[in-house]
Amino acid sequence: MVTIRADEISNIIRERIEQYNREVTIVNTGTVLQVGDGIARIYGLDEVMAGELVEFEEGTIGIALNLESNNVGVVLMGDGLMIQEGSSVKATGKIAQIPVSEAYLGRVINALANPIDGRGKISASESRLIESPAPGIISRRSVYEPLQTGLIAIDSMIPIGRGQRELIIGDRQTGKTAVATDTILNQQGQNVICVYVAIGQKASSVAQVVTSLQERGAMEYTIVVAETADSPATLQYLAPYTGAALAEYFMYREQHTLIIYDDLSKQAQAYRQMSLLLRRPPGREAYPGDVFYLHSRLLERAAKLSSQLGEGSMTALPIVETQSGDVSAYIPTNVISITDGQIFLSADLFNAGIRPAINVGISVSRVGSAAQIKAMKQVAGKLKLELAQFAELEAFSQFSSDLDKATQNQLARGQRLRELLKQSQSAPLTVEEQIMTIYTGTNGYLDGLEIGQVRKFLVQLRTYLKTNKPQFQEIISSTKTLTAEAESFLKEGIQEQLERFLLLEKL
């Protein structure tokens with residue numbers, strides 16, 4: 001018979017008592033009542049926060065958006081096909097955040113900051129909340145540095161400053177994305193980090209943009225955040241905030257950033273879909289009541305920081321698509337009222353071969369003129385005035401056949417000025433090139449040329465001045481002013497090239 005030793009038993013019991021740990025972990029859990037259409041209704045989750053991430057039993061993550069008296073409405077960040085009624089859900093205690101680092105440059109990622117370009121994981125030691133508060137009034141300073149787009153029409157008449165929000169608005173297929181990508185290409189060597197956010201676009205369109213940026217070496221300073229048309233509405237809604245969080249990371253590190261949202265109409269549609277499925281009451285055009293706040297809290301994050309915070313900046317170029325030129329629809333009017341100006345692209349101008357198809361008459365920049373360099377101000381004022389007068393005269397001249405000589409001259413000048421604003425895609429011009437181009441047009445040097453010869457002459461003139469009158473560009477880049485000396489170099493160059501050009505054309 002086995003002898004039972006009481007001292008051994010008491011030792012074991014004592015050890016067990018000493019090892020006993022009374023730590024209690026409280027997990028906030030709930031049960032799935034209903035799931036479908038990217039929405040789940042959860043019973044329980046009593047302590048959940050608005051916007052908190054929740055995790056389903058099979059691994060899908062969701063965001064708690066509707067906190068109701070008897071259930072919680074959760075939007076899913078995935079298809080959620082494996083979620084079953086009655087399965088458990090636990091709150092994570094975290095608000096949506098993404099990892100951020102310099103390693104994201106040159107990469108294509110999704111709204112959760114996971115790479116989708118097949119080039120491996122991205123290392124990051126820091127993280128930022130996707131929805132962080134915008135800088136306050138004291139944290140900002142007024143816009144004073146220019147952000148050059150490389151497009152004459154914009155940089156001369158609708159200038160953009162670093163820290164500004166400028167809307168690009170127009171119908172489909174009017175070149176909105178082209179204006180945005182040209183602006184990214186023009187930031188080469190300007191020490192500006194670019195973030196391009198594609199929301200609900202065709203995957204082929206996004207691939208095209210990425211390829212054109214790679215070919216021209218622009219991906220080195222660019223991050224692409226893409227949620228294509230087949231992505232869940234939740235991720236399309238989150239993508240712009242992810243892009244803003246990445247741009248903010250660089251802005252607070254005393255760098256300049258440019259962010260493009262292409263386009264916010266699709267984000268609003270994704271948000272409308274989520275809201276209607278969550279049974280939130282619909283308003284105008286069936287959008288929920290807080291669709292203005294959706295865009296205002298995003299665009300207010302663009303800022304020019306004060307000198308105490310390092311003078312970093314975040315310039316936002318949101319894109320909005322209109323239906324047959326209707327700028328008075330709900331989303332366009334909302335975004336126009338939030339931004340500091342808009343660039344209006346017209347389908348009629350586009351079809352008439354005027355590209356970029358910018359309607360200068362109704363495009364405006366509310367703060368950018370403070371950021372223009374002096375040399376550009378000197379030449380752009382005259383250009384604006386002459387184009388405005390030309391537009392007015394052109395409308396009148398359609399009704400009248402016998403025009404006096406002065407009117408005919410003014411119309412001829414206007415047609416040539418319109419011609420000099422035309423630019424090929426992916427061919428941005430430097431400020432110096434823009435100044436020489438505008439000066440040539442406004443001072444009548446193009447009046448003797450046929451309209452068809454204008455662009456050919458300007459291309460040759462820019463090359464000629466670059467090689468034979470480099471002093472002009474040096475003076476402009478160092479003084480930022482069109483000095484008398486610079487003007488004399490420019491006049492000489494134009495006269496010489498004009499004589500050469502006319503001689504060669506006659507042969």
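From the backbone N, Cα and C atoms, a Cβ is placed for every residue, glycine too.
Swiss-Prot lists GLY170, ASP171, ARG172, GLN173, THR174, GLY175, LYS176, THR177 with the feature ATP binding site, giving sequence analysis as the kind of evidence. Marked as phosphothreonine by Swiss-Prot on the basis of similarity to another entry: THR257. Per Swiss-Prot, the feature site 'Required for activity' maps to SER363; the stated evidence is sequence analysis.
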| Among ARG172, LYS176, the most crowded of the binding-site residues [Cβ within 10 Å] | LYS176
| Fewest-neighbour residue among binding-site residues, criterion Cβ within 10 Å, set GLY170, GLY175 | GLY175
| task | Select the most exposed residue of ASP171, GLN173, THR174, THR177, SER363, where exposure means the fewest other Cβ atoms within 10 Å, treating these as the recorded positions. | result | GLN173
| remark: Rounding to whole Å, the Cα atoms of THR177 (ATP binding site) and SER363 (site 'Required for activity') are apart by 17
| query | For the ATP site given as GLY170, ASP171, ARG172, GLN173, THR174, GLY175, LYS176, THR177, which other residues of the same chain have their Cβ within 8 Å of the site's Cβ centre? | reply | GLU321, LEU345, ALA347, PHE350, ALA357
| field | Cβ contacts of THR257 (phosphothreonine) (under 8 Å, same chain, 6 or more positions away) | value | VAL192, ILE193, CYS194, VAL195, ALA247, PHE250, MET251, GLY312, SER313, MET314, THR315
| note | Rounded Cα distance, in Å, between GLY170 (ATP binding site) and SER363 (site 'Required for activity') is 11
| request: With H, G and I counted as helix, E and B as strand and the rest as coil, say where DSSP puts GLY170 (ATP binding site). | output: strand
| field | Alpha-carbon distance [SER363 (site 'Required for activity'); THR174 (ATP binding site)] in Å | value | 15
| request: Looking only at C-alpha atoms, tell me how far ASP171 (ATP binding site) is from SER363 (site 'Required for activity'), rounded to the nearest Å. | output: 15
